[in-house]
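According to TrEMBL, the protein carries these features:
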type	residues	note
ACT_SITE	Glu377	active site, proton acceptor
BINDING	His376, His380, Glu399	Zn(2+) binding site
COMPBIAS	50-59	compositional bias 'Low complexity'
DOMAIN	79-268	domain 'Aminopeptidase N-like N-terminal'
DOMAIN	304-532	domain 'Peptidase M1 membrane alanine aminopeptidase'
DOMAIN	599-925	domain 'ERAP1-like C-terminal'
SITE	Tyr465	site 'Transition state stabilizer'
Amino acid sequence: MGKGLFISKTVGVVCVVLAAGAVATIIALSVVYSQEKSKNADVEPTSGGTSTAQPTAQPTEPPSNEPWDKYRLPDSLEPEFYTLTLWPRLQKNTDGLYVFTGKSTVRFRCKKETNLILIHSNKLELSLLDNQLARLSAVSDPSPPRIQKSWLQQETQYLVLQLTDVLKADQIYELYTEFQGELADDLGGFYRSVYTEDGVEKVIATTQMQPTDARKAFPCFDEPAMKAIFNITLIHDQNTVALSNSNVLGIDVTKTTFHPTERMSTYLLAFIVCEFDFENRMEGDVMIRIFARKKAIEAGQAEYALNKTGPILKFFEEYYNSSYPLEKSDQIALPDFNAGAMENWGLITYRETALLYDPAVSSNGNKERIATIIAHELAHMWFGNLVTLKWWNDLWLNEGFASYVEYLGADYAEPTWNVKDLIVLGDMHRVFAIDALASSHPLSSKEEDIQKPAEIAELFDAISYSKGACVLRMLSNFLTEPIFLKGLQSYLNAFAFGNTVYTDLWDHLQAVNSSGMALPNNKKVHDIMNPWILQMGFPVVTIDTSSGTLTQKHFLLDPESTPSDFIWDVPIQWMKTGDEKPYTWLHQKEGLQTSPLEWLVANVNVTGYYRVNYDDKNWDNLLNQLNVNHEDIPVLNRAQLIDDAFNLARANIVPTTRALQTTSYLSKERNYMAWESALDNLDYFYLMFDRSEIYGLLQAYTRRQVTPLFNYFKTITDTWTKDPDGHTEQYNEVNALRMACSSGLTECNELVQNWYKEWMTSPDSNPIRPNLRSTVYCSAIAAGGEEEWNFGWQRLKEAAIAIEADKLRAALACTTKPWLLNRYLEFTLNATQIRKQDATSTIVYIANNVVGQPLAWDFVRTNWQYIFQEYGGGSFSFANLINGVTKRFSTPFDLKQLEQFKEENANIGFGSGTLAVEQSIERTKANIAWVNKNREVVKSCPVTHTK
């Protein structure tokens, strides 16, 4: 699944000056990455923690020892194929509900004798057949048992069938069911999406099965290892098109039958009935089609995705040394979709913002997000779909791998972007903030610790996606890419159409590396990699240039936490005064040939998953080099130095003044990577101090540093009339504009307000360049009142493309008027105003506004039961909501409210956001301690007072 939920590839993060005198950081979620980036939160300000012990996962205890009270299927039955017919009704029935009906036959093999059948079924109304909820027949057993008793076990989501006798080992049987379900708007299972075209409301029947919602569409063995072949038939209205994973076998007016699928997992199934149109193209023997609303197709919004899908498919065929496994690659943009995208085999589903592009309104960041999410999902066609992990505890390998190679696929499709470097900001820095908490968790867990659907949903987090990506990137780097690829190709070939555990990949990498890259102390891939997978967190490597010694320890942000005694094998790439040195490895303590007279940088190009600290003399040398000639230090390491220094200061390892000193050279810096790293970290200072007297000092300091950058882009864009040439230069132009405006540069604020007023005067002619719209909209709405807000809201409702609507949706949260923010919060409870897929991120946008934060927090507490019911148990965006509304907390009063919130709602629960609640408490305690320690330090810091 795409990262769209928790990591946005849209880099236009907007900071604005609020009339109350505070900065509101508006984070454009997809991902997402988000999702997947979607995954989908942005790079978050670093967050601290206070717990002292590693959390210990407790195995899920079933309510009894009966098989139907356990959350995992027994290993007695194995499905071979399903024959499934579904009929979604796209009009309400007499009860005012949208429903679907279905018939399913599953053929399965009995592996061990049993008198019990357990098959998943959730929220389905099963018809009685011979007074039972299913009908059993035999294919090879001449005397099959009958069903003696049948019932639905709601807690574990089973249809339970007790039999009169045993099913015999190695015999084949069939189970037939008839059922009805609601085609609800809950974004899971078989659900409905709604949009309006030419004033007419249209209904789509669509699916989202991952991780455990195929059972909401039909009774099935709903675990990833229970692979089978699926024969799908859809009954639908004459004016609609039916889509599924495989090609159409035949159409009989209102009934479409599809070819049997390949052997696959239930979570990858998809079936859709809609009135969409499409664009198509052949790429070799593969038909590529992009489906979307007819108006979107007419406007050419599918062309970019169509143009890039073919090259990315070709890249992965070469990368994996394996032909694309299917005959078609359909991709569809849905108006309502909870994730950023979903890798259904042969029918990938997306949010509209993750697939549709219009150069007239879409930014450079929007284009990058589309390219990387397409690459992420297409990477899964082999890694995840062809070869699937046995159980969800190894989700990290599936999503982490796709999150790594999405950059490679996007780089092939857009070679001038240099997009591969952006993994450092988009994934590594982001996940460092979470993995440095004492409440973090390892990449892989024991199978028995991950059982319930809510526990599975919690795994779709930054650790699985971003840490997984970074650790695999590190592995590829130290093994070398050719060896990594050879082992990967061997792994995919060996397990095609099957299931694996993560150590199977280590086996294949070890086999191909037997005479290749030398690993330290004759260790194997397992020995080096398992600590990175089975231990939470990461090390900080400390280098003393006076003695040349290297040491490591577990890095935790909270200085009150006691680090574990974890040890990692750390690959060290380093350079001395610009000269790269031979690779070395650190286990406990090593030595380097160093000199305190020369500057040294370790973790060159940030390929290793660790932070680096130095002795004071080397820090001084590095700071001097940044001020004398910063370009002698590689740009990724300039970004690293800033990020490491700020986080080392958070952990009390270096002084806070040292961290601020790393930004003093920025008035000379023009590169996006270093600026973005600095702004991400300075944002934490704004969050902690935007309600205090220190805010003014921060504003003045930021304004001094960013003014040269603002003037630089003013010059090269001919006074803001054209885009800069480079991909990341376009991102840095946005940084220059948003920070100049947010820090109070009069010229900037007058500029953006005039652009918005000009647009208000001529609504059909938007003068604002797409790259700058998020910043301009937010700044103008913050400086304006009801008129500006209402204009933005009207433009949102009339937007012809979701990307433009998303920019406006984020910007509307920038207003400083509490009553407008309260109105906006109420809109999130009404799906006709704010789509369900966008509700939680809209609340977070409002919470990012210093005026809106207490309003959003009160709103969440007041409406918790409703919010939990709608978004709790399995929603991937739910943790973002909890973290988002609490990240500014930094007082004892905030902590007391948060702990009271946890206590008062214990009976309701927190579902997939349970860990987020603990992380928020941990972060708040750390924030309190940090503010108490650093208020006077920041206030008196010479850097912030330098003219």
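Every residue, even glycine, has its Cβ placed from backbone N, Cα and C.
A quick note: this is a predicted structure, and the numbers were derived from the prediction, not measured.
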Do me a favour and check the Cα-Cα span between Glu399 (Zn(2+) binding site) and Tyr465 (site 'Transition state stabilizer'); whole Å is fine. 5
Cβ atoms near Tyr465 (site 'Transition state stabilizer') (within 10 Å, other residues, all chains): 39
Where among the binding-site residues His376, Glu399 do you find the Cβ with the fewest other Cβ atoms within 10 Å? Glu399
Write down the Cα-Cα distance for His376 (Zn(2+) binding site) and Tyr465 (site 'Transition state stabilizer'), rounded and given in Å. 11
The mean pLDDT across the domain 'ERAP1-like C-terminal' (599-925) is 94
